[in-house]
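**Student:** Per TrEMBL, the features are:
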- A:4-280: domain 'UvrD-like helicase ATP-binding' (DOMAIN)
- A:Ala25, A:Gly26, A:Ala27, A:Gly28, A:Ser29, A:Gly30, A:Lys31, A:Thr32, A:Arg278: ATP binding site (BINDING)
- A:281-558: domain 'UvrD-like helicase C-terminal' (DOMAIN)
Amino acid sequence: MSAPQLNPPQRAAIHYLDGPLLVLAGAGSGKTRVITHKIAHLIREGGISARNIAAITFTNKAAREMMERVGKLLTPGELRGLTVSTFHSLGMQMLRLEAPHLGYKPQFSILDAFDAGKIIADTLGTTARDEIRKVQSRISLWKNDFKSPQQTLTEADNDWDHVCARTYLAYQDTLTAYQAMDFDDLIRLPVELFRREPEVLERWQNRLRYLLIDEYQDTNTCQYQLVKMLTGVRGMFTAVGDDDQSIYAWRGANMDNLRLLQEDFPRLNIIKLEQNYRSTVRILRAANAVISNNPKLFEKQLWSELGLGEPIHAVQCKDDEHEAEVVVQRLLAHKFEHRTAFKDYAILYRGNYQSRIFEQALRNQKIPYQMAGGQSFFDKPEIKDVLAYLRLLANPNDDPAFIRAVTTPKRGVGAGTLEKLGAWAGERKKSLFAAAHEEGFRMQVQAAQLEPLGQFCDFLSALQARAPREPAGELVEELLKAIGFEAWLYDSEDSPRIAETKWKNVQELVAWLARKAEADGKNLLELTQTIALITMLEGREEGEVDAVKMSTLHASKGLEYPHVFLVGCEEGILPHSESVDNGMVEEERRLMYVGITRAQRSLTLSYCVKRKRAGEWQFVEPSRFLDEIGGEDIRHFGRPGAEPIVSKSEGKSRLANLSAMLGEKGKARAAGLSDPD
DNA sequence: GAGCCGGTCATTTTT
DNA sequence: TGACCGGCTC
């Protein structure tokens, strides 16, 4: 099922230990394999101990998978101390240890994008989401360029930059006051620390003697600096990447880092992996055709031995509802015909908002599905409610957490009291939690309002004192009981079914916390500090469930599926209109490339003639990328002069439907073509 | 201080 | 079409 042996370039990449190495790994060329085997090689043959090796990925999921796969190559003893984590977790680990050097306490909070956005909204005095997002991303890009607020303020030469710079200044002050960091700080601050304190840097250089960086094309300036500083003059690292799959420029990813690597490390060795073990020739040819319209940094020609395969289908639909229906019908017909399983299919789309209509269509047909990415478990309101309490326990300076916790469930502390508290605390530069205890403030407020506030604070203080010693799960259970969370959910929700789901989510969180605390040997406070970085629920056996996978194109990177539906292939969506306006079509093309190369055996591209947007019907054009695929590899359906949409599948669809509902006992054959990458 | 209703607005991608 | 915010009333 997996590529039986390592091919020569893969082997070369694994064995090369003489200096810095860049592996240009095309889609499906087995890059994860190279990284995992290289880790094993470093430990077994390279004489480097696991605790001196760090493999860096971009998602927690990728990190987890990588750890799992290394675990199959080595004994637990050999693995001990190995670091496999995201840039952000690595940065956090460093900062927890070095926080005092930077004027932070080790128990600082980490704000996710949502909480950070709220602070920006407050300082900006607006609720316009679009504006907030733009300012937020501007600030983020600045931070990733090591620009201080003062610097941006001086350099601002237009009104917009000026507004952003002033917001940046206030925002950063607020973060400091809360003892909080955002995602960018987790990378930026270690670098700044290393610049200031050479002996701290040296310590970390000695600790992490060999680095492996996955998805190198997605590193931003900060991340590259971090790598550069950590590897130092030794330059002992392997960076693995693919310039054609760089899809995070909007987040600060800097493709130039690939070129910089050559410049900064003249000894850099480059190895290309060009054999694809994933897709059929036709799929690969289509992908190559699309991407060939982009300028090339490194010449690279992907090839496959997996046979010609079926032509790619392009299906024109009447509107978005019709598209969902067509995709589901085709999926069922295909499944029936090829005796596959639901888990062999994926529906990929450009924006999360597109998922809804497909979910609906799948539900209508009782087809099980599983969404990757999208709204994370930890973003659900009921989960954020509980987490607010935990965050507050871990860091009493976390004012946003204080406000959320003290008002959820409602306990008689209202806007009036909070405003007074905020004003009093603000003047004295104290946290809300600290201020609530102080006599000066308490004298200003009537006893009736003070009482619930005081109880709240005392309750939390007591819990906090116990947290280091007592089991995390039990403590949270007790907390929930004390605040009457379950009852509150049922009271405030008009549908008991929704309340039930929410309560189940909360229970899932508690169970997860208990398990995780046990496994990692962490107490509740320590565990809480890592949660902001976790985006997907860990430990879910995703591959095991027989369900259609749904994912954004971005979240699908690194994954593969036997049969892929890439939907919404329209001008305005893919490429996205904003990107077209900003001259970012090349990145959209790479996104298309990523989408196409997820498919192992069959690929269907769908698009609509018209689509409802903001309540209005709008006519749309098929994506330009469709035209870039060679005529002999694509078959059109549903457009004038082409084959009808459902052709032969229509007659079978009812049957397919039926068999789907019966659960199809027959051995569903997964199309395990190759090693997942 | 808390819940309800109506008007307004918008849809990229994520650690 | 739907989500979310803010102002209104109890």
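Cβ coordinates are placed from backbone N, Cα and C, and glycine is handled just like the others.
Just so you know, TrEMBL annotations never went through curation; they're auto-generated.
Can you tell me where each of these features sits in the structure?
**Tutor:** Cβ neighbours within 10 Å of A:Ala25 (ATP binding site), excluding its own Cβ and spanning all shown chains: 29. DSSP assigns A:Ala25 (ATP binding site) to a strand segment in the three-state reduction.
Over the domain 'UvrD-like helicase C-terminal' (A:281-558) the predicted model carries a mean pLDDT of 84.
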**Student:** Which entry in the list of binding-site residues, A:Lys31, A:Arg278, has its Cβ near the fewest other Cβ atoms, using 10 Å as the limit?
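**Tutor:** Across A:Lys31, A:Arg278, these binding-site residues, the one with fewest Cβ atoms within 10 Å is A:Lys31.
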**Student:** Identify which of the binding-site residues A:Ala27, A:Ser29 has its Cβ surrounded by the largest number of other Cβ atoms within 10 Å, counting every protein chain shown.
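**Tutor:** For the binding-site residues A:Ala27, A:Ser29, the Cβ with the most other Cβ atoms within 10 Å is A:Ser29.
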**Student:** Tell me, by DSSP, whether A:Arg278 (ATP binding site) is helix, strand or coil?
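**Tutor:** A:Arg278 (ATP binding site) sits in coil per DSSP, no helix or strand.
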